[in-house]
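As recorded in TrEMBL:
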BINDING   Gly166, Arg167, Ser168  NADP(+) binding site
DOMAIN    6-120  domain 'Tetrahydrofolate dehydrogenase/cyclohydrolase catalytic'
DOMAIN    139-281  domain 'Tetrahydrofolate dehydrogenase/cyclohydrolase NAD(P)-binding'
Amino acid sequence: MTAQLIDGNALSQQLRGEVARRAADLTAKGRQPGLAVILVGENPASQVYVRNKVKSCGDVGFHSVLEKYDASLTEAELLARIEALNQDPSIHGILVQLPLPAHIDDHKVIEAISPAKDVDGFHVASAGALMVGEVGFKACTPYGCMKMLESIGMADLRGKHAVVIGRSNIVGKPMAMMLLAANATVTVCHSGTADLAHHTRQADVIVAAVGKRNVLTADMVKPGAVVIDVGMNRNDEGKLCGDVDFAGIRDVAGWITPVPGGVGPMTITMLLVNTLEAAERAGL
Ligand SMILES: Nc1nc2c(c(=O)[nH]1)N[C@@H](CN(C=O)c1ccc(C(=O)N[C@@H](CCC(=O)O)C(=O)O)cc1)CN2
């Protein structure tokens, strides 16, 4: 068996077309969606990501502002900027690019963003809304993974077993909640899991979100399973790769997401979706 690819670039293009249409409607009503992106420091990967976010905003007709600050910015200064953006009616979404420099408490910063503008979905209020099934912004990476499942006819996971590898607040935990909301039976594995392969071999859907190469190999995958790779690592040749052994697993899985071109572009697409929804909700 050769797994079919879930193409994040193609799916993103399709979803962004719909976002652009809805944004044009809002703009015509005098409410152009607006996103503020804050970058603190010189992390080279973060610089690429924020540039892509701002460019993507332009592509779908959003207003955007990129605020870049030196790594010496104080926590108090950052909190003051967020408060100003919370009050700015032209800004519907606020995003602080992570990671932040070590002297800034990222939890404090995320909690300073108004939940109504928390388009990253990282605020405790957003996480709580997801937990209890209320309206709130969903974290973009797991939300993108759910859209990828939907695109292959797996919106409803009743009777399916999903295994999430990783328990971070921004991917693993919200991913598990979203899979549960889609009726999957969910197992969350992590560094304290005794026998990872025992769990993954039973899974119909596996989401790998660890940040380490080759955490999942072909012998750990049930034939026909869906494998979603959230990882973003460099291999020995310096090339971008995910958390799973793509070449090996491709011969076993039914579906697999590539890196690059899989979950990454979907993360930015769902940020656009959340920003659009923030602008739509602002008019209600
Ligand atoms: N405030 C946030 N910070 C971070 C988030 C986030 O969702 N919100 N996630 C990651 C980084 N990230 C978005 O910010 C992100 C990472 C990767 C990609 C992406 O499209 N990757 C491409 C490859 C890019 C390359 O060549 O380097 C791909 O997979 O095809 C998008 C967004 C941490 N911080």
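Every residue gets a Cβ built from N, Cα and C, even glycine.
Keep in mind that what you see is a predicted model, and the values were worked out from it rather than measured.
Known features from TrEMBL, placed on the structure.
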| residue | record | Cβ contacts under 8 Å, 6 or more apart |
| --- | --- | --- |
| Gly166 | NADP(+) binding site | Gly172, Met175, Cys189, His190, Val207, Ala208, Ala209, Val210, Gly211, Val230 |
| Arg167 | NADP(+) binding site | Lys173, Val188, His190 |
| Ser168 | NADP(+) binding site | Ala209 |
So how many of the residues in the domain 'Tetrahydrofolate dehydrogenase/cyclohydrolase NAD(P)-binding' (139-281) end up helix, strand or coil by DSSP?
53 helix, 26 strand, 64 coil
Specify all same-chain residues, apart from the site residues Gly166, Arg167, Ser168, whose Cβ lies within 8 angstroms of the center of the Cβ atoms of the NADP(+) site, ordered by sequence.
Val164, Ile165, Asn169, Val171, Gly172, Lys173, Val188, His190, Ala209, Val210
What is the number of residues in the domain 'Tetrahydrofolate dehydrogenase/cyclohydrolase catalytic' (6-120) that are helix, strand and coil, as DSSP sees it?
59 helix, 18 strand, 38 coil
